[in-house]
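Read through the structure below, which is laid out as structure tokens, and then see the notes.
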Amino acid sequence: MGCWFSKKSKRKSPEKEPTTTVEENTTSNNIALSSNATEDPPKQYSWDKREKVDPKDFMLTGLKDATVGRLPGKLNGQQFVIQDCDNCKIFVLDHSATITIDDCTNCCIVMGPVKGSVFFRDCKDIKCVVACQQFRTRDCQKMEVFLCCATQPIIEASTGMKFGCFQYYYPELAFHFKDAGLSIFNNNWSNVHDFTPVSGETNWSLLPEDTVVLDHVPAPDPESEFKSVRISAEASRSIVPMTKGGRRKESDESCLFVFFSGDYTTANARKLIDEASGKGFVLIQTKEVSMRPEDVSRVFQNNAEGLLEWITNGPVTALELNGDGVVEACKSMASDMFSGTKVFVSDNRNTSSRDVDNFFNFADMQMGL
């Protein structure tokens, strides 16, 4: 590697400094001032042009008997804080980075997709609809949570906690899920971990399957600013598929149905769910995960060879459907409805349970569950 060196200059013998008159100084200063006056204005950087953020726009605090929140497009991925609210209906209908809820009582809260964590602390008598990457509570009492959570929900020093599957819709919700980086198929709502269990006591339970969301978390008041947002909590319209979760299965027969990545994977999965539900089958769980060649061999075993090339386009979406005769029904639906689509379906009921266990055990390990 070469190095550059500057040439050392020869020291000159000292000379007498010339004297300068007052007139010359004045002229020199005038020239300098004139030069400064013609200089370009200071350069503006992107952060100088950024819109100023008012923290008050990203918090709700000290409210009572109010219907409040944020309309779509008002948060755009920012953090949000809710604290010291009593008997309020709160609608945060936008995606956000994180949301913390502190010291709230007797409130109904709806939150659009949250990229990071939702953390309830010191709250009581709360009913909420939540979609997030992480869900936590600490020192809370009597909460009903309709949840979509990508990881395992955690409660700590909390009692009277009840959980149900996320069921909600508003027109921008699908885009908000995408903006928050959440998959509608990765929902661990019923897989709750109690960080502080008490021997002989149950701190959490699952809500009845026939629970109606709007009976617990009402729609906005007709006179509120949210009246123009078309909201629905019907399971058939919910962005997140309604799953049975950890409840007991009604049949010993389950089927694994896997869609490989393509242009219409989400639409096809929804179409299958609707068709299967119409036939009386029950959706137990769903997952969306990426797979490597070695994962395909481990999960699909004897069927792996024909599937290797299909995993290169992106993550796979898997569904467990349950009910007597579900395997033959799924094979028929795959043939009739998805003949030109890349899918895997359990071949027979004798091996279908193994297919389900292999895939969802792998998916849970991938997601750290």
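Each Cβ is built from the backbone N, Cα and C atoms, and glycine gets one as well.
Automatic, uncurated: that is what TrEMBL annotation is.
Keep in mind that this is a model prediction, so the values were computed, not measured.
Copied over from TrEMBL, here are the features:
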BINDING   Gly116, Ser117, Gln133, Gln134, Phe135, Arg136  GTP binding site
COMPBIAS  19-29  compositional bias 'Low complexity'
DOMAIN    41-197  domain 'C-CAP/cofactor C-like'
LIPID     Gly2  N-myristoyl glycine
LIPID     Cys3  S-palmitoyl cysteine
REGION    1-48  region 'Disordered'
What is the pLDDT of the domain 'C-CAP/cofactor C-like' (41-197) when averaged and given as a whole number?
-> 94
Sort out the sequence-distant neighbours of Ser117 (GTP binding site) for me: same chain, 6+ apart, CB within less than 8 Å of its CB, listed by position.
-> Thr98, Ile99, Cys132, Gln133, Gln134, Phe135, Arg136
In Å, how long is the longest CA to CA span across Gly116, Ser117, Gln133, Gln134, Phe135, Arg136, which the record gives as the GTP binders?
-> 11
For GTP, what surrounds Gly116, Ser117, Gln133, Gln134, Phe135, Arg136 with a Cβ no more than 8 Å from their Cβ centroid?
-> Thr98, Val114, Val118, Phe119, Cys132, Cys149, Thr151
Drop a 10 Å sphere on every Cβ of the binding-site residues Gly116, Gln133, Phe135 and tell me which sphere holds the fewest other Cβ atoms.
-> Gly116
Densest Cβ environment (other Cβ within 10 Å) across the binding-site residues Gln134, Arg136 belongs to Arg136
